[in-house]
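J.: Attaching a single structure in structure tokens format; questions to follow.
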């Protein structure tokens, strides 16, 4: 029995650490194509249906006298691009977190990053109303750092160390605390209305200025993640192996943590506390392309973008003219997925 | 020298101490009742309170005391008791120190049922208030069943860890469903639901008290009567079976009671978490592990806790009010984290 177990272990290890570049390339190409198509569809549907030709012409030869062009350019395009960006941010931050903590349940929502960012947003709205968007991003980033710091700090204080389940429990409690605090602040300063959007999640308010501001940061973070992707793969094999292979794990983990915080903070500052994207997408991606993070990171960025664009499209279509919060829609997908992981995980969780 | 915990003298000494603890907590509750009745937007001095109770007060004082403050105070104590005992049972039968109806998602299930019910029946009519606990019970029962089912694995039974993870996931799913649902409500009902969800007791009146009271009066004595069974279950399945206990039957019955109490509490107070977690822990610290003491003491502590939380929420940011659920979460979450750091599971 023991021998059998050993053999299957070796087997699974072989399977786990192989990568599938062909499939990954297909996903990148197909995913990009799907992303463009779904962005097109999402832009053309809405309160006023606009055909694809008009969508195209509004992009290539914008005419600011046409209402339909204005709707596309000023309202729909930024929100849909925002959705794609946010999905990519959450998915990549989730991939990195799952890789470097070797924790299958890592996600910016579950580990308190989103609640932390929402808490700091509550503070910034209460004490510095009318703050420029750049500072809001900064606050959101600081909040994500606060949430993550609390969860990981408490998680590492527990006996037996950073086990996934402890982190999730700590994340649930820290989130409850931070949400309670931000609700208290919201009630006292009468900003519940402004904040409700951040709790429920939605990209409807996205503007070009916001995208222009965050895009460079996101690109830098992605490039950083890509350049460290090889190290993530090695760290995901285990701390000892990584050190044995000559990785300076502390330094690399520090940089990666900063990248995770930037991505999650930006995600929350655009869409609000949307969870589970960073949980679902990395798992699906790893299942498809294997465990090489050079492929996982770009693939999960594309798939994450696709998921949130589709969720946003669904959110507008389910109950028009009202919008269903994206966070709720994605949670309805994410919860069964989480349950499946919790069931499958068994002992190592 | 380590005392022999089974020696009669030791137990007798311990019993005396426990009765003293109960007495002190009663005094604290009484004190808190008086403080809570005093404080508020309009202050009533202890003397005025006394006069009002004797029927001497002005109409205005009587109105404030009997129609606004007293029902709310009584209700917060009752809700605290229900949630605390529910948590106490859950921790006892699952042998999981972190179990709590809020964390396990049972409160969320009750909440969803209540919101569904309210969206069909406007909250103003008389009948629904009495139906609320039943509706909440239905919701919490279905949720508990679902969690039990999903965390059950053939051959392994229920592991505490999987139970908690499943609970967290179910709670997340239900709150997502709730957000979708609340968007369809008209603004007046939405207002009611929003306040209710935050765990507020401010909408209370005697009708809510009356609808909750029977559940407390029936189930808490029942649980105290079952205290020894919980003690036995705590020894572990093998020993409990060896001692002649029909463990599955008893566990199911107790689970049913826990769900009923949580549902009834939630039905009138909304989403208040962490009471069911903190109170039993404090009770065990104070009176040891025997449930004949743990249950009543955690009921009292739960009542006290929620009363304090509600009074703080009422006073701290006047004239606005912080729902008691938020105050409890601010106290309770750090306590949960402390337990998490300390526990070994």
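A Cβ is built for glycine as well, from the same backbone N, Cα and C atoms used for every other residue.
Features from TrEMBL:
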TRANSMEM  A:21-48  transmembrane segment
TRANSMEM  A:80-97  transmembrane segment
TRANSMEM  A:109-128  transmembrane segment
TRANSMEM  A:134-155  transmembrane segment
TRANSMEM  A:167-189  transmembrane segment
TRANSMEM  A:254-281  transmembrane segment
TRANSMEM  A:293-313  transmembrane segment
TRANSMEM  A:325-342  transmembrane segment
J.: What parts of the chain pack near the transmembrane segment (A:254-281), using Cβ distances under 8 Å and only residues at least 6 beyond its ends?
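T.: For the transmembrane segment (A:254-281), the nonlocal Cβ contacts are 82-83, 85-87, 89-97, 100, 105-110, 113-115, 117-118, 121, 136-137, 140-145, 148, 197-203, 206, 210, 214, 217-218, 221, 224-225, 228, 232, 300, 303-304, 307-308, 326-327, 330-331, 333-335, 337-338, 341.
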J.: Excluding the flanking five residues on each side, which residues at least 6 beyond the ends of the transmembrane segment (A:21-48) place their CB within less than 8 Å of a CB in that stretch?
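T.: Contacts of the transmembrane segment (A:21-48) (Cβ under 8 Å, skipping residues fewer than 6 from its ends): 54-55, 68, 71-72, 76-77, 80-81, 83-84, 285, 288-290, 292, 295, 298-299, 302-303, 305-306, 309-310, 312-313, 316-317, 320-321.
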J.: Quick test of the contact rule: Cβ under 8 Å, at least six residues beyond the ends. What residues does that give for the transmembrane segment (A:134-155)?
T.: 108, 111-121, 123-124, 128, 162-163, 166-167, 170-171, 174-175, 178, 213-214, 217, 257, 260-262, 264-266, 268-269
J.: Cβ under 8 Å to the transmembrane segment (A:293-313), counting only same-chain residues 6 or more beyond its ends: which ones?
T.: 19-21, 24, 27-28, 31-32, 34-35, 38-39, 41-42, 45, 79-80, 83-92, 94-96, 99, 203, 222, 225-226, 229-230, 232-233, 236, 271, 274, 277-278, 280-282, 284-286, 326, 329-330
J.: Under an 8 Å Cβ to Cβ limit, what residues of the same chain, 6 or more beyond the ends of the transmembrane segment (A:325-342), are close to it?
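T.: Same-chain contacts beyond the flanks: 83, 104-105, 110, 199-203, 271-277, 279-280, 283, 307-308, 311-312, 314-315, 318, 349.
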